[in-house]
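Okay, here's the structure, questions in a sec.
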């Protein structure tokens, strides 16, 4: 689950980290009032969406009057912001963050992720702040500094000082960086985060360090023990199809192709998408119906896939283990009848009662194409999507 910038900074403040004074507002009038509360003559106004690249898309602006702050809120509230990280529809803007202005001397980067290879939290820092860190890591990996956190003792101040020296910090900045480093590590562990970024972490004109941005992603599998963070969830930022799928315990991710995929098992689903790509097709989604692929879940899966108007054909790839393939076949037939599927459906069944499942499909009288193998299924669905 992602957090908005203002929510991330709220957590930063709770851990004693330096953040700008700001208010998240819902109306243009509140934006003007926030300027009065903050004081000063310049403010930064930011559209709050779960996506990067807001500045280049016009979603971040420096304003010098309350009227300009109000106008910015009027421009964006209720609208959708399209950035390089969103799809063509963009993300809806329901809040604007109004902040005090920061005099920036230099921009740094500081972030943390769970490194699956070492099974540790790993911090990354760079002198190249305020830019796309993935590009820096790819083009100039030597500019990315790392510190691995021992889960038994946690982040240590000396690790923060080592990173600070490597970043070229000096004087009071070293102690400030170590405090931020340890605070972020505690925040990461306390709240079961999957990713944390401060980009940029800035050196102000007076030499102090300041967290100018906050990007936080929480491990969805740990939400049951983070009741406070559950209240931070903003459903407006969710893909409607993904949110609907979650209600039925379906793992769905929308993509930009035209071949709908319905598979049981995440690994098999990824393999299915790969082989569709290999044969020239483009998957419209990732959809894992899980081990309990009942008729009801298969029906909902079809509804979700077909809600994407780009879908020209559907590939159903089921491996029957505990779940019998003949039962899955009956579920597919029932779902196709109930939903009224008008596009080609290619089905590949393998495993428990696969032959019986294929027979059930063949005797259904429906326009369902039975595939003999995964390769055959991919070739058939690509042809069907192309109208061949």
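Yeah, the Cβs are placed from backbone N, Cα and C, and that goes for glycine too.
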Name the residue, out of 258, 264, 367, that Swiss-Prot lists for the same substrate site as 321, 322, 323, please.
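As annotated by Swiss-Prot, 321, 322, 323 share the substrate site with 264, chosen from 258, 264, 367.
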Can you tell me how many other Cβ atoms are located within 10 Å of the Cβ belonging to residue 107 (ATP binding site)?
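Result for residue 107 (ATP binding site): 18 neighbouring Cβ atoms inside 10 Å.
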Given the binding-site residues 199, 213, 264, 321, 323, which one's Cα is the least distant from that of residue 102 (ATP binding site)?
213
For residue 199 (Mg(2+) binding site), just count the other CB atoms lying within 10 A of its CB, please.
23
Using Cβ atoms only, which residues of the same chain lie under 8 Å from residue 213 (Mg(2+) binding site) while being at least 6 residues apart in sequence?
5, 197, 198, 199, 200
Residue 99 (ATP binding site) to residue 264 (substrate binding site): how many Å between their Cα atoms?
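Cα-Cα, rounded: 47 Å.
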